[in-house]
Amino acid sequence: MDAKTDDKGAGKCPFSGGSHGHRNRDWWPDQLDISVLHNNSKKSDPMGAAFNYAEEFKKLDLEAVKKDLHALMTDSQEWWPADFGHYGGLFVRMAWHSAGTYRITDGRGGAGAGQQRFAPLNSWPDNANLDKARRLLWPIKQKYGSKISWADLMVLTGNVALESMGFKTFGFAGGRADVWEPEELYWGPEGTWLGDERYSGERQLAEPLGAVQMGLIYVNPEGPNGNPDPVAAAKDIRETFARMAMDDEETVALIAGGHTFGKTHGAGDPSLIGPAPEGGLLEEQGLGWTSKYGTGFGADAITGGPEVIWTQTPTQWSNHFFENLFGFEWELDKSPAGAKQWKAKGAEATVPDPFDPAKKRVPTMLTTDLSLRFDPIYEKISRRFLENPDQFADAFARAWFKLTHRDMGPRERYLGPEVPKEELIWQDPIPAVNHELVGEADIEALKAKILASGLSVAQLVSTAWASASTFRGSDKRGGANGARIRLAPQKDWEVNQPAELAQVLGKLEAIQGEFNGAQKDGKKVSLADLIVLGGAAAIEKAAKDAGTAVKVPFTPGRMDASAEQTDVESFKVLEPRADGFRNYINTKRHQFMHPEEALVDKAQLLTLTGPELTVLVGGLRVLGANYAHSTHGVLTERPEKLTNDFFVNLLDMGTKWTKANGEVEIYEGRDRKNGELKWTGTRVDLVFGSHSQLRAFAEVYACSDAQEKFVSDFVAAWSKVMNADRFDIVAKKQAA
């Protein structure tokens, strides 16, 4: 049919693709957004359900790809010529900025999915002209097709760039599968590029953010808010790099190592730069930042403000960065673009011009470079690197590997011939299986022992959930494998109820010891497996007691990590501020989300869908998995039985819900007729009746014929969480 026309006569498509009308979020901005649970669904994946990236990568001739990348480094293109005749600096920056969005608070960001191709990252001010880097790579991506993802190719290119400039890298692992749509992440509250509303008090950076301004990877190179104070800048550097899991030595190594190569681009007035890729014209074909200054590229390129070349050999690995940093005094200067930067005082022109061999420049530095000299902690490290170039090279190689692989998870996910053999503490290592695994008869006998131990359904379910639900699909950390729930810091987390946890683990360890001691053939069961098996046994019992027979899938093979394999500080970031699945909020820590938002956030980290989130909350409530045995949301008269009572009673129109007097975020459900108190609940409970989409899911499980479906779906979602970190199983399937 014909589209309606407005008063100006322009046709308007009545469908969403051509309309600029209001969406639900525009009308109701405070509406809980659960769309993140269905981000990057299979429907947006053009590769199809049968595609296995790991299998494709194994077919890749990595040496051939690297040979092509080496050739590209010096194959300068007219449309975007290489500085100094070598693209190395550009590609190092591309790989760095692909990985550098990683943040430890929630494990999101990073190089693992090739998100630099999509908005907003492809249009961040800090990523200006990296679109050109990816276009330079396109012929190589096109040549090798599905055998190498964009995510892997960007990191590999950074490695090859370093190697082509004489640096020995620590290694490379493939295995990063591409996604096909932007990740819906919270990057900050600002509505303008380079805004910094994320600070409060004494420059306290809001969590979970890891950068100082909207659209930057880390810090402002001119200094905090453009203030050229190296000492103040050091504070920003330390905070932002720490939020990317880097310590002081790694930070110094990364900054100095990265700035050994290439240059920054501030040749002229930045107001002459066109819009970023996402705001560009159709005919620009996804390229952005088209400049009207001179030719717009080469010697006239503008990427940001500063125009800095750090070393005398910007296409070769050297120790010139530190030699220059400490060898000169520095005076404040301005770039041709008007940005604050520093030049070596009274220095000879020893630095090459990127395009005119007859010209030389004096060494220049950024405010954030000088932080490595004027911050006392950074200075000590920097002087050691100055005097010991071999230590600097090793530190940079290791820090670069960590930067580009931090969000890949355990070593089982690493692919390719260049995977380093050394096991690193930040990889959260777990021992390889070194014994025969339990069989079906053993599993049934162990379940019977667990159920006869005196531990309740609630205790077993809570412990298994506490162990497995630390998993983060973002950076593939956490999970039940390793049984780190018995180690610091997890054993002491408030949410895990340490005293009761110790009691449960003590009984499970006794069962483990008795079983392992009785075996004659080397067969063993790990505590990690036993914790998960205890949850399975409890769920089977709870379902049976509710009149529904079910078998919870269980695959042995988890192992127990040691304290020596566990970085306590690194694991502290996995402690939940809130866990809506257990109706828990840590009142001692700042909450930057409403409880129901935190629930959705955790569900997304667990890779759950909306229906899976719904069925898990309903099941965990009736099983008694609440923190501190709270009765909030336990909407059943039959606790520890796996019934659909939570949904039935929540949606009962005979109950009227009101806020409890004097109780923060607690609600009372009273009989509509006589006012008698029936239930209490939290925001996390009531959202399943309030939010229209979650209510629709809840209605499915509240129906009179839904009990079997509820149990089946709960077991499936439960098993998904219990096995979320079983990359060993995936690796075995791929090897078979």
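Each Cβ is built from the backbone N, Cα and C atoms, and glycine gets one as well.
Straight from Swiss-Prot, the features:
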- 1-10: compositional bias 'Basic and acidic residues' (COMPBIAS)
- 1-26: region 'Disordered' (REGION)
- Arg93: site 'Transition state stabilizer' (SITE)
- His97: active site, proton acceptor (ACT_SITE)
- His259: heme b binding site (BINDING)
Cβ-Cβ neighbours of the residue listed as 'active site, proton acceptor' (radius 10 Å): 21
Close in space, distant in sequence - Arg93 (site 'Transition state stabilizer'), Cβ under 8 Å, 6 or more apart: Leu130, Ala133, Gly258, Gly262
Arg93 (site 'Transition state stabilizer') - helix vs strand vs coil (DSSP): helix
Cβ atoms near the residue listed as 'heme b binding site' (within 10 Å, other residues, all chains): 24
Integer Cα-Cα distance in angstrom, His97 (active site, proton acceptor) to His259 (heme b binding site): 14
